[in-house]
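Asker: This is the structure I have questions about; it appears just below.
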Amino acid sequence: MAWRCPRMGRVPLAWCLALCGWACMAPRGTQAEESPFVGNPGNITGARGLTGTLRCQLQVQGEPPEVHWLRDGQILELADSTQTQVPLGEDEQDDWIVVSQLRITSLQLSDTGQYQCLVFLGHQTFVSQPGYVGLEGLPYFLEEPEDRTVAANTPFNLSCQAQGPPEPVDLLWLQDAVPLATAPGHGPQRSLHVPGLNKTSSFSCEAHNAKGVTTSRTATITVLPQQPRNLHLVSRQPTELEVAWTPGLSGIYPLTHCTLQAVLSDDGMGIQAGEPDPPEEPLTSQASVPPHQLRLGSLHPHTPYHIRVACTSSQGPSSWTHWLPVETPEGVPLGPPENISATRNGSQAFVHWQEPRAPLQGTLLGYRLAYQGQDTPEVLMDIGLRQEVTLELQGDGSVSNLTVCVAAYTAAGDGPWSLPVPLEAWRPGQAQPVHQLVKEPSTPAFSWPWWYVLLGAVVAAACVLILALFLVHRRKKETRYGEVFEPTVERGELVVRYRVRKSYSRRTTEATLNSLGISEELKEKLRDVMVDRHKVALGKTLGEGEFGAVMEGQLNQDDSILKVAVKTMKIAICTRSELEDFLSEAVCMKEFDHPNVMRLIGVCFQGSERESFPAPVVILPFMKHGDLHSFLLYSRLGDQPVYLPTQMLVKFMADIASGMEYLSTKRFIHRDLAARNCMLNENMSVCVADFGLSKKIYNGDYYRQGRIAKMPVKWIAIESLADRVYTSKSDVWSFGVTMWEIATRGQTPYPGVENSEIYDYLRQGNRLKQPADCLDGLYALMSRCWELNPQDRPSFTELREDLENTLKALPPAQEPDEILYVNMDEGGGYPEPPGAAGGADPPTQPDPKDSCSCLTAAEVHPAGRYVLCPSTTPSPAQPADRGSPAAPGQEDGA
């Protein structure tokens with residue numbers, strides 16, 4: 001009889017031969033009513049995470065049945081089982097050997113129990129003998145203590161929970177590595193009540209069972225000061241409030257300072273509703289303690305405020321107190337009334353004035369008027385809230401050199417008096433003026449000189465109106481035709497003059513939006529984004545590339561002229577959907593508000609005769625120090641190299657991480673993060689730029705794959721190169737390359753590796769190597785950004801925090817007396833392998849002391865690279881080899 005193995009796909013040949021050999025010795029003629037099982041499941045006992053296999057074997061006659069697995073009497077529907085069938089004869093009606101295996105991966109408590117095999121033969125059901133799976137090992141933690149902050153001497157609870165088997169599991173708590181009990185308790189103490197701490201401590205718990213001991217993570221409990229108490233007002237001034245408070249306990253850590261915040265009550269309505277933070281930026285002051293008292297200045301008089309205080313120790317700040325409503329008192333007006341006029345008409349003197357332009361510092365209650373003649377005492381009047389008064393002249397006597405002064409007053413007192421305003425001198429024998437308030441006559445009594453003034457004003461206004469209408473009419477013609485056609489006869493011919501320079505397209509923003517054919521909803525959002533094109537004046541070109549140019553410009557605003565950077569695009573928008581996407585993104589970018597993110601000033605369009613839609617023009621703030629890559633490059637390779645300390649480089653990295661953290665919280669993906677797309681403002685802070693609307697204007701760093709648009713392959717993440725998928729994690733990859741650029745002072749990544757070879761180079765596991773003089777911690781952070789799995793890369797929040805901590809740990813930067821760049825390995829350098837300084841480790845450098853003991857080496861470069869030394873006389877350019885750095889402005893073209 002010939003034996004054959006069925007086609008079982010993945011069944012090993014050795015296993016098949018073993019079954020066939022067993023079948024040759026197996027007894028024949030098994031009774032149908034007898035159990036067909038010839039092998040039953042065994043027992044498995046192990047620790048958590050163990051991998052094991054259960055097996056049962058049966059011999060049947062005829063078509064082999066399907067074997068089911070039971071756990072505690074229940075069929076396992078999703079069991080990881082395999083079934084192998086081996087015939088014992090050539091006929092399908094002969095006996096079969098059936099082997100079923102159940103694989104248990106990563107043993108857990110839920111996998112324990114009684115296991116059996118189940119088969120159905122005809123109308124009978126057969127169940128194998130049981131096998132048992134048990135779990136025994138070290139205790140496993142279900143809950144561990146967590147880090148937290150608590151106020152000094154404030155009770156709190158910690159939780160810890162573990163399980164076996166084997167049971168029981170006893171817990172032992174430790175504080176600062178010292179057990180809180182001499183031995184484990186009689187039962188698991190899952191919750192630990194701590195009555196209070198006066199210093200920062202660490203807590204952990206140990207779980208004990210028959211197999212051994214497992215220790216939980218260590219939780220750090222940071223002790224912060226208690227919330228200050230009894231915040232109250234000590235004294236009030238119109239622009240100052242003096243407040244005091246009682247400090248809370250701070251444990252063994254003395255308070256270093258307290259912070260007081262004040263916010264306007266009118267703008268902080270949410271405060272009264274219990275909001276923990278004010279809706280606007282509060283006015284903040286710090287005070288060294290003791291004493292626990294602070295004078296808060298620069299406030300508005302007669303204004304309600306809410307104030308709160310928090311105190312800080314070396315461990316951190318306390319919680320804020322509840323908001324306390326306070327109000328500054330009224331003050332006197334800061335200035336006198338304006339535009340005082342004093343005129344006489346017959347027997348009446350008219351005095352008129354306007355409200356003070358200076359702040360009133362309270363509620364205006366009225367005005368006081370004082371007048372005095374040369375030989376008469378001063379007369380003081382309370383006018384109330386009126387802004388004019390009539391003095392009736394009557395009686396006998398004489399008055400000369402009469403002057404009038406006016407002052408405003410509030411509940412706090414009188415403000416400053418105005419300068420004396422003289423009345424026309426009265427002739428002797430004329431009546432002496434005595435004051436009385438009279439009602440304004442129903443018909444104003446004007447003298448003849450007033451009529452002349454009124455008539456002259458009407459005539460002047462009419463002339464101005466006629467001239468304006470004429471100029472508007474003439475301007476319409478010039479705008480439409482360039483210049484009015486003026487027929488003049490010269491030698492019998494008609495001459496037409498045309499002035500092109502006086503023809504402008506001054507369409508308003510409304511007209512521009514209407515001409516684009518976009519939706520009304522988008523049009524409404526664009527009111528604050530669009531800028532009239534004629535308000536932008538272009539200057540010199542700052543940079544130009546394949547897709548457009550960046551030019552210096554000026555934006556004419558209502559009351560000033562703003563220096564801006566203007567990006568013009570050579571690629572026009574072809575469809576209305578592209579136009580709406582462009583404008584929608586502009587609306588989104590206009591709302592960005594972060595010190596490390598380049599903000600968008602506005603967008604305008606310039607018409608094109610060859611395109612159906614106008615070309616976009618992006619208006620951005622002008623950055624004094626230009627882009628970060630050029631700054632780094634010139635600091636290393638310029639005519640006068642500049643020393644950049646490590647502290648400044650880490651600050652650049654932290655600024656970029658902060659800006660990208662903000663963009664990622666806005667769910668905004670940059671897609672082109674690099675040093676060339678980061679700008680330096682006048683404060684040497686880095687702003688992330690060239691995202692969204694900014695078409696790329698650089699050439700060398702972009703590689704076109706087929707018809708796909710150019711991509712910056714040396715900065716782009718590996719998954720984006722493969723699938724064109726961009727996420728915030730792909731921006732993290734680009735940030736790591738940008739960190740490498742900063743650490744190398746502007747070198748090009750992967751020198752010697754072509755753009756078309758980058759993907760294969762990365763797929764082989766290659767990454768940028770650690771630059772010279774780069775901190776190990778910084779390079780470790782870069783390497784985390786280049787993890788193959790995007791989920792393993794850090795977030796921008798983690799990157800920012802790590803960089804800020806690194807910056808704090810560095811010593812203060814020190815400027816060297818003189819920085820000299822030299823070639824540290826003269827005479828026969830080693831050829832650089834592909835990716836040198838970014839693909840392979842540089843060769844060993846000789847000791848700088850052996851070359852020149854009087855030089856201060858600022859950087860050590862790989863062999864064969866040219867560097868610059870300060871020189872008072874110009875020297876001829878040296879020939880650059882393949883390993884030498886590119887000239888400024890060319891190094892990007894990898």
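The first residue you see is number 1, and the count goes up from there.
Backbone N, Cα and C define each Cβ position, glycine as well.
OK, Swiss-Prot features for this one:
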- 27-128: domain 'Ig-like C2-type 1' (DOMAIN)
- 139-222: domain 'Ig-like C2-type 2' (DOMAIN)
- 227-331: domain 'Fibronectin type-III 1' (DOMAIN)
- 336-428: domain 'Fibronectin type-III 2' (DOMAIN)
- 536-807: domain 'Protein kinase' (DOMAIN)
- Tyr703: phosphotyrosine (MOD_RES)
- Tyr779: phosphotyrosine (MOD_RES)
- Tyr821: phosphotyrosine (MOD_RES)
- Tyr866: phosphotyrosine (MOD_RES)
- 26-92: region 'Interaction with GAS6' (REGION)
- 26-451: topological domain 'Extracellular' (TOPO_DOM)
- 473-894: topological domain 'Cytoplasmic' (TOPO_DOM)
- 452-472: transmembrane segment (TRANSMEM)
Asker: What are the DSSP helix/strand/coil residue counts across the domain 'Fibronectin type-III 1' (227-331)?
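Answerer: Going through the domain 'Fibronectin type-III 1' (227-331) residue by residue, I get 4 helix, 52 strand, 49 coil.
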Asker: What same-chain residues, at least 6 away in sequence, bring their CB to under 8 Å of the CB of Tyr779 (phosphotyrosine)?
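Answerer: In sequence order, the residues whose Cβ lies under 8 Å from that of Tyr779 (phosphotyrosine) (at least 6 apart) are Ala743, Gln770, Pro771.
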Asker: Could you put numbers on the helix, strand and coil content of the domain 'Ig-like C2-type 2' (139-222), residue by residue per DSSP?
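Answerer: Summed over the domain 'Ig-like C2-type 2' (139-222), the classes give 0 helix, 44 strand, 40 coil.
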Asker: What is the number of residues in the domain 'Ig-like C2-type 1' (27-128) that are helix, strand and coil, as DSSP sees it?
Answerer: 3 helix, 52 strand, 47 coil
Asker: Just give the helix, strand and coil counts over the domain 'Fibronectin type-III 2' (336-428), going by DSSP.
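Answerer: Reading the DSSP string over the domain 'Fibronectin type-III 2' (336-428) gives 0 helix, 46 strand, 47 coil.
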